[in-house]
Amino acid sequence: MRTLWIMAVLLVGVEGSLFELGKMILQETGKNPAKSYGAYGCNCGVLGRGKPKDATDRCCYVHKCCYKKLTGCNPKKDRYSYSWKDKTIVCGENNSCLKELCECDKAVAICLRENLNTYNKKYRYYLKPLCKKADAC
C-alpha cells in the first residue's frame, strides 16, 4: 500500500492513460514506475527514442511503436479502465481505441515483468544524447 501511495504522489498531475500505465507497471513488476522506468535506457519515458540498450528498453521501444499504430486516440490524454483479476490485467473498454490503448499498456507492463532479469541500474537515468538512431517501427 505504501508503494502505491508513493507512486501516486510521483504521478500527481499525470494526464490520461499514463496513470493507468504506471499502476500496471507497479502491479506487474513491483517496481516504482517513475523511478525505475521514467528515464530508463533510450526508449522508456516521455522523451525516449533510439536503439534499445537491452530487453527492458526494447519493451519501451515496442510500446512506443504500439502507440504509433493507434488511430483516433491520444495515449497521453485518453483514459481507460481496466481491472486486476487473479494477478492478470483485464482491459475493460467497449471503445476500440481505448481498448487498444489499454492493450498496448498491458503488453509493456507484462514485457517489463518478463524482462526483470535484464534490468540494469546503469540505464536507469541514461543520457538520451548517447542513444543511436533506431529502426523505424
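Any Cβ shown, glycine's included, is placed from N, Cα and C.
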Per Swiss-Prot, cysteine bonded by disulfide to Cys73 (from Cys44, Cys59, Cys91, Cys97): Cys97
Can you tell which of Cys42, Cys44, Cys91 Swiss-Prot lists as bonded to Cys60 through a disulfide? Cys44
Stretch carrying region 'Important for membrane-damaging activities in eukaryotes and bacteria' according to Swiss-Prot (options 17-29, 30-42, 121-133): 121-133
For Cys102, what is the disulfide-bonded cysteine listed in Swiss-Prot, choosing from Cys91, Cys111, Cys137? Cys91
Between Cys59, Cys65, which residue forms the disulfide that Swiss-Prot gives for Cys137? Cys65
By the DSSP assignment reduced to helix, strand and coil, which category contains Cys73 (disulfide bond)? coil
